[in-house]
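Here is the structure we will look at.
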Amino acid sequence: MSIALKQSAPEQPVPAPGGLAPGAGAARQVWRRVRRRPAALAAGGVLALLVLLALAAPLLAQLTGQDPNAYHDDLVDSARGGVPLGSFGGISADHWLGVEPGTGRDLLTRLLYGARISLLVALGAVVVQTLVGVGIGLAAALGGRFAGQLIGRFTDVMIALPMLVIGIALTAVVPPDFPRPLLLILLIGLFDWGGTARMVRAQALALQGLDFVDAARLSGRGRLGIARRELLPSLAAPVITIAAIKVPTAIVAESSLSFLGVGVKPPTPSWGQMLSSAQTWFRADPTYVLLPAGLLFVTVLAFTVLGDAVRTALDPREGSRLRVGTRKERTA
Amino acid sequence: MSSAGPDRHLIARRVAAVTVSLVLAGGAVACGPEDGADKAGSGGKPGAAGGAPQRGGTLTVLNSEPQSDFDPARLYTSGGGNVPSLVFRTLTTRNREDGAAGTKVVPDLATDTGKPNADATEWTYTLKDGLKYEDGSPITSADIKYGIERSFAAELSGGAPYLRDWLVGGDAYEGPYKDGGKGLDSIVVPDPKTIVFKLRKSEGEFPFVATQTQFAPVPKAKDTGVKYEEHPVSSGPYKVVKNDNDGEHLTLERNEHWDEKTDEERKAYPDKIDVRSGLDAAVINQRLTTSSGPDAAAITTDTNLGPAELAQIGDNKELAGRVGTGHFGYINYLALNPKVAPFDNPKVRQAISYAINRTSVINAAGGSALAEPATTFLPEREAFGFTPYDHFPAGKTGDPAKAKELLKEAGFPDGLSITLTHSTAQNRQTSPEVATAVQQALAAAGITVKLEGLENNAFNEKRWDVKNTPGFFLSRWGADWPSGAPFLAPIFDGRQIVTNGSNYNHAQLNDQAVNAEIDEIAKLTDLAAAGKRWGALDKKIGEQALDVPLFHPVYKRLVGKDVKNVVISDWTGVLDVSQVSVK
């Protein structure tokens, strides 16, 4: 979302049509509006905490004295499918969140280390998606009819391409030493931008018919100038919203790719991997499923709430005297 | 498969296919000495209570894999298969009994398991009296010859490779549709009751192969080629009344012309058998657990309980009492390829053998209820010639100290770094879980293992490609019949190294002494004596540390509440459908 913000900030202090002061003023204004929403602040706090925990994973692992990859065969009941001994998935003084069935690996440290991969891959992929999606969407909207059609068909093809199949094919081509998180970011990022591009194109086309864009055009601004100064600020809201929605999708995509051996390599944990191996255990060892699922839920919720708050704060219609649209639209 | 030459690679590929399908079809149980009794709680096996089995009712079979290509020429089975054996009788068949007794081969259409000549290159069978097809017409030895000849036709491929290899002229024969009515000369039918097989080499275990569905009679007048699978003519207690979507849903009803006096093996209690497939494993197990409505009279022949499901059954006596336990001849192992450094160094191979932690590996495979630790290549059953040995004792959790010592002697005092190739399929056999357990164990001995996970087909292609075989990978092997032969010959016979197709001799072992011993044992018709020598050969090959045996899988399968007379042999490891009663 920082990208969208930057792009929406022209150098000159010309008031943007939405009533949002440009430059540093815009960010300040967004912050002021977000600050008024306790839910948004809480969501931001949760995300900050998660990122902090992920960054501090090695320190925390040292603190608990656990290695995320160490096996503890004595902590699982081998005769009963490897279910953790003890209650609540083997929670103990040593293993604060219990252990993994079958291996006895410490769940707390695995979740912390898993957060690193999952957040990195998801955020990285969404940044790539957004950049590519906005660029292509604007090009489709501003280019001529032929270029628009061509880009539109290309977008359709990319949406139709099955990422998982390409992922398998890639494993045969990509050298085994290529860093997997980067591969995942590129794969998810470069394949799943079609929705963003389509949305941006549709929004940009709609905006082009509005008075303030016409005014800018009449005052002699070129296509690029219109895109940068008039369209991007208004697009920031929907783009940030769609990016927030894409984060959980990217986390899930990471887990599906792990299934096919394109994900991070074992024993490196990721939430997606943990969730997929936990799904058969939901009755026998609910703790094992609830931990990664709960974390994923909290993360997704936080992104959504925060995304929504930023969207509202960025919405040019919010706080604008020049009300655009009908009353019904505004209240919605 | 259309080529008629001695295409060992085709043969080998088929063996592989079989092995895989057997795994899927394999199933269940033989009341393991400790585990089975433990799990069942009551010390019995499922269906033990509830009185004597009665005739009648409908048995439902809930499976994942469809019973596709239901043509006796095309089925690849161990011992004639489970569902196929209800429709197709063969010259010999499996002894339908629990445990070790079930590994014996017994007569079916024939009066005995076959009379060999002195060097076991010629086998003669005589048919029983009163054998009839589902239309009441008599079964003759010429029909059995015709059934086998059909299986050589390219369009009816899919069966086991052995006959093509063994029968005189088998390598060049192209099936009855192309031979101008001449037939295969090495199968002789002197009269309607007698059939003689002429082999190009000694095969003491021919009676085991005569259990496969290719030995079922097919009346030439009723043969419709590739369409025969839609309605094959039954010789067994049931006939096919409906076959939807290539075996996805099979309905079998009683064959009134089957005479139980001619068949000592099949009990055929239910009146109707409904085989449904294409179901998800979790759904099958959930339906069997709930066991309501028709599912109370349901079984599965291909779906195991998973570790989480076993954990959930836990102390539930009622459910635990409905779990059948079985052992199918199968080995999961680490293959070490001496053609790739550093595995050319025996000390490195031994170090890995010492370092392995079988407790972690077994837990990765689903725990001690689903896998038994293995230190021998042959399964721990007498029929396979099991001879205990543990040349590089790793104990329960590995001996990293001894491994380090050996590495030092091998010239790697600071440890070494190797790559383990595995599949990404979630099968708990060649899967990432098992690979990670191996990686973790070897780390303790100073061996850094990099994991190379490949999609399952790519993984199989790579490990079967002799030019490209990885140095260190997870592998597995299943038996076509309960003996040492189908275990050791494909894996360690130097003449079975396939250079332009699927190769299973991963280590590319070509040892004259081993090859000669394999030939010598094949001449024996005394299976007990052969078993001892297979065991001794296994022990001897084991000294070279060309593989690290990891575990033998155990099958745990649920049956519905009303299911009685569950019989699980060590041949198939699965409950025998022909013995089950639902009344």
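From the backbone N, Cα and C atoms, a Cβ is placed for every residue, glycine too.
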May I ask you to indicate which of A:1-23, A:93-115, A:300-322 is given in TrEMBL as region 'Disordered'?
A:1-23
Going along the chain, which residues at least six beyond the ends of the transmembrane segment (A:288-307) come within the CB cut-off of under 8 Å?
1, 39-40, 42-44, 46-47, 50, 84, 89, 97-98, 100-101, 107, 111, 114-115, 118-119, 240-241, 243-245, 247-248, 251, 271, 274-275, 278-279, 281-282
So which residues does the transmembrane segment (A:117-142) touch in its own chain, when a touch means Cβ under 8 Å and the partner is 6 or more beyond its ends?
3-4, 50-51, 54, 148, 151-152, 154-155, 181, 184-190, 192-201, 204-205, 208, 223, 226-227, 231-232, 235, 239, 242-243, 246-248, 250-251, 253-254, 264, 268-272, 296, 299
Where else in the chain does the transmembrane segment (A:154-175) make close Cβ contacts, counting only residues six or more beyond its ends and a cut-off under 8 Å?
136, 140, 183, 187-188, 191-195, 197-198, 201, 253, 256-257, 260-262
